[in-house]
Amino acid sequence: MPNSTMLDDRGFRRILVRNVTLPLAAGVVSAGVFVVLLAYLITTMNWVEHSERVIGNANQIGKEMVDMETGLRGYLLAGDEAFLQPYVAAKPKVAANLAGLMKLVEDNPTQVDRLRTIQYQQQQWDQYAQEMIRLRAANGEVTGAVKTGRGKNQFDEIRRQLDSFVNTELRMRLDRNDEARSVTTWVAVVYLLLTLGVGGILAWFGRRELTGLSGVYTKALNEHAEHAKLLQQQAWLRTGQSELAQQGIGQLALPQLSSTLLQFLARYMGVVVGALYLRAPDGSFRRVASYGFSAEWELQDQQLKPTESLVAQAALERRIIRLEPLPANYIQVSSGLGVGAPASVLLAPVDSDGEINGVVELGLLRQISERDVDLLAMVKSNIGAAIAASLSRQRLQEVLAETQQLNEELQVQQEELRTANEELEEQSRVLEESQASLENQKAELEQTNEQLAEQGNALDQKNAELEKAQLDLEERARDLERASQYKSQFLANMSHELRTPLNSSLILAKLLSENAQGNLNDEQVRFANTIYSAGNDLLNLINDILDISKVEAGKLDLVPEQLSARHVVEGMAMVFEPLAQQKKLAFQLVVADSVTPHMVTDRQRLEQILKNLLSNALKFTSAGQITLSVQAHGDSVAFSVQDTGIGIRAEDQQGIFNAFQQADGTTSRKYGGTGLGLSISRDLAQLLGGGISLVSEPGKGSCFTLTLPIHWSTPQAGPRVGGANAPAMIETTSAPLPAMPAPTPAPAVHVPRAFDDDRALLDEESAPRGRLVLVVEDDATFARILYELAHEKQYHCLVAFEAEEGLALARQYKPDAVLLDIRLPDRSGLSVLQLLKDDAQTRHIPVHVVSGADNGEAALHLGAIGYALKPTTREQLMEVFRRIETKLTQKIKRVLLVEDDDRQRDSVVQLISDDDVEIFAVGSGQEALALLRDTVYDCMIIDLKLPDMQGNELLQRMAGESLAAFPPVIVYTGRNLSREEEADLHKYSRSIIIKGARSPERLLDEVTLFLHKVEADLSSERQRMLKTVRARDRVFEGRRILLVDDDVRNIFALTSALEQKGALVEVGRNGHEALDKLDTIPDIDLVLMDVMMPGMDGLEATRRIRADARFARLPVIAITAKAMKDDQEQCLAAGASDYLAKPIDLSRLYSLLRVWMPNAERS
């Protein structure tokens, strides 16, 4: 090439570097500027949003303060507490919103100070409001106090401060917006000017230098144009073929390969739309990949027949088909900028080894060039080969997957062989070591080989023996498993056969012992109690046998939970201390201070072990004392039961932990029992991760110590515990027993408490009783306050921190009054109140509720004399004691009777009249209102049908008028009520009695409840009436229950028990009869379903009941006598609502029925 056409490489590189570097630098600077500006604008926007939120919260506070002022003004004007609702509702919101607003503006000290000023002024105004409310409630003169303007001035100042606060935030928001607008404008202007200046300079310099180089380039380019054009086309074709081949390398799946090939052709040829069709064995074509399709076309599964469309024609003719020009509506191609139609289409068949296996269809926005056709002609074989290879790889992968599965199975078999031949491999290792050492001892090689051959023969023989032994063991394991199954089935069947007759005996004995009709003498009741006690002993024996079989089979369910060791032993003491007193034994409970407050174990099994140990201690101790103690030992807790009984000889100490074995197993033994208790206790202790140790001396007593970890969780897997050959994880010794406190003549439980109450003083026979109040409160601080206040009011005081303890103290000491909390740790205080009022011995005791939970209406309806909501002041607590004192000193109880029928009125007066009851009987609503305005009544009985107004209208007027007091109301009416009427009446009364055969007894029961009369002071006839009405539970009254059982004894026993409660019982003897009863009797409320019955069992009947949409919500309680592990799961899976095992505990049955019975009450 001539020198005049030589390129200036140095100048070109300089221009290239400048034209690349400077724009890149400018771009980086521009990006930085915009990032900084964007960050600034985001920060400003966040502050503006912060101001909006602050302004919104401030306006909300202003609205709520206005609500408070409005509610106060309305109450001061009208005197009706309903006007105070806005004030009461807004008061806590204002405090909470002020605190939240202060947190929002904590970065602005000025605003924070202003909010503190508002908060202080609001508190001052709130004090003023409280003074006005108290003054108005006391009917004081509030007009003068309002006219002083104190409250208005305070509230105006709050408004002024709040407006100033909002104005400050508005000004800050405006300043931030202006600042952001100014900064953005300046940055945009400066950046634009700089960009234009730098761009102009670069353009001027670039044009000047490029103009000089353009001449050189023009000549050189012209010389090479023709040659380069030809080379470029050839290179383009070869490059396309090469790159297309590379695209197919490593592609395993046909969809991925097809999409990759299409994408390459689109990129390389400028294709805007395309598709790849794969030929099926039947000659049809299916689209396997697409490019540039619209969503509508992409979702269509395109399948073309062998002679359908140009796709099949191109394959048939084995040539490339060109389509141009295309009609306007041929196909639409869209992008983000617009929609248009391609200008041309190419269809090319692809083949592998001469066999057509697909067609490529490509659409272009330009006319088709020759090089496009040449490229497709060159690459169609490559595409066909890649598709064929992908299909082959796909088939190979399927074969490989099957091979891998077979390989995994082979590995499992190899692992089993490796485990079986471990001993043989060990011998082979010894053999290899021997061979290595004998390589240097050629003289002894032959002798060693002979020895090794003999050893090999011996190993083969030993291996054969091992295999035979393994087969024998597997056979024995199968025999043991079958025996275990037979045993489980036997226990299940025997459980059913024993529990079914035992169920009837226990139910009937319980009904006789309760003597609801009062027609049995004391000796007959004692006989019934003896039968019931003996039946329970038999039931405990059955349960022990089932427990020990479950332990041996490793199927005993354990449920770890967090519990208090102190609470567990206190519960044990409450159960066994009275039993010890009956045997004139001292009972002592000692809980060490080091015992952790909580531990994790299975509560049920822990209590079962302690009950077994304490029962044995009571059985084998005739004099002295029993001590239950708890101590901490590192990460464990030790529960010790020590007695002064007969003791155990050293040679018998290990044997007593075996099943069905006692220290004295002779026929003339003095003490009874099955010998299962300690065996079960030992196995349970092992399952709980601990053990039992024994220290005993004959004639001096024994000490059993149960040691359990503080934190225990159910083990994932482990050996089964128990059985005849299980190791007894116990320690026994005949060492001297630890020192035991000397027995005291008056045994008592020593439980560490937050503080001591007056029970020790009350237990002294010589101490004067005086007035006694029982406090049931779990908060020790508040309980002490009530305790000290009771002493201040000259009351003795008992304190219980749990519901169960409170019930026990109430039944033991019969206090004069009870102060009751609602939220107790073990059960609700409302249930305690219900139990106290259901017990004839405690229902007369006045109960005043003091709680943080607002359940006042429910408590008053249950019979409470008053309700105080925490937090309380000393004045409020003094008012509580004043109310109790008034109730205790009240000699005459007042009852208001509103009844228009003279005969009914006289009969009710005669029913409830007594020496200490004053009855005011009226016949109209107006007369009743006149009396209620002036007199406080302990109870009110109202008929709904009155001459001047309806009873519900009278109740509404009572609620709206200013009465001396709103008394407890008993609705006593002769007409049936709709559900809407019942719901309306329940706003004022929970006692609605429909006049009928049993209604007088219920009326007497409700009146004695609200008058707090001692039931023992009533006449014998009235006591009998109360006993009769309590035997008929109002929840069961008139309920229709379907009993499904094939055993006549169970039907008789359960029917007697349920009918005595007032229920109506329908009987079905199998599943078929149960379904028939449900079809013919539509108003059945609940089904008691036995599981084992002929014809159709209870599980199948339950499934069919649930399959009927009419009975989808009908409660079904399953009853079974098997009591095995999976019984409950099977019943619930069949559709049962709950599960009950025979023999049936009547109290548990009644509890379940109350839970599942429909809520509406029929009287």
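Using the three backbone atoms N, Cα and C, a Cβ is placed for every residue, glycine included.
Where the annotation comes from TrEMBL, it is an automatic prediction and has not been curated.
These come from TrEMBL:
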COMPBIAS  421-432  compositional bias 'Basic and acidic residues'
COMPBIAS  436-448  compositional bias 'Polar residues'
DOMAIN    493-712  domain 'Histidine kinase'
DOMAIN    772-885  domain 'Response regulatory'
DOMAIN    894-1010  domain 'Response regulatory'
DOMAIN    1040-1157  domain 'Response regulatory'
MOD_RES   Asp821  4-aspartylphosphate
MOD_RES   Asp943  4-aspartylphosphate
MOD_RES   Asp1090  4-aspartylphosphate
REGION    421-448  region 'Disordered'
TRANSMEM  20-43  transmembrane segment
TRANSMEM  183-205  transmembrane segment
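Positions of TrEMBL features highlighted on the structure.
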residue	record	CB count, 10 Å
Asp821	4-aspartylphosphate	26
Asp943	4-aspartylphosphate	23
Asp1090	4-aspartylphosphate	27
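In the three-state DSSP scheme, Asp1090 (4-aspartylphosphate) is classed as strand. Asp1090 (4-aspartylphosphate) is 44 Å away from Asp943 (4-aspartylphosphate) when you measure Cα to Cα. Counting residue by residue with DSSP, the domain 'Response regulatory' (1040-1157) contains 55 helix, 24 strand, 39 coil.
According to DSSP, the secondary structure content of the domain 'Response regulatory' (772-885) in residues is 52 helix, 25 strand, 37 coil. Asp821 (4-aspartylphosphate) and Asp1090 (4-aspartylphosphate) have their C-alpha atoms 41 Å apart, to the nearest angstrom.
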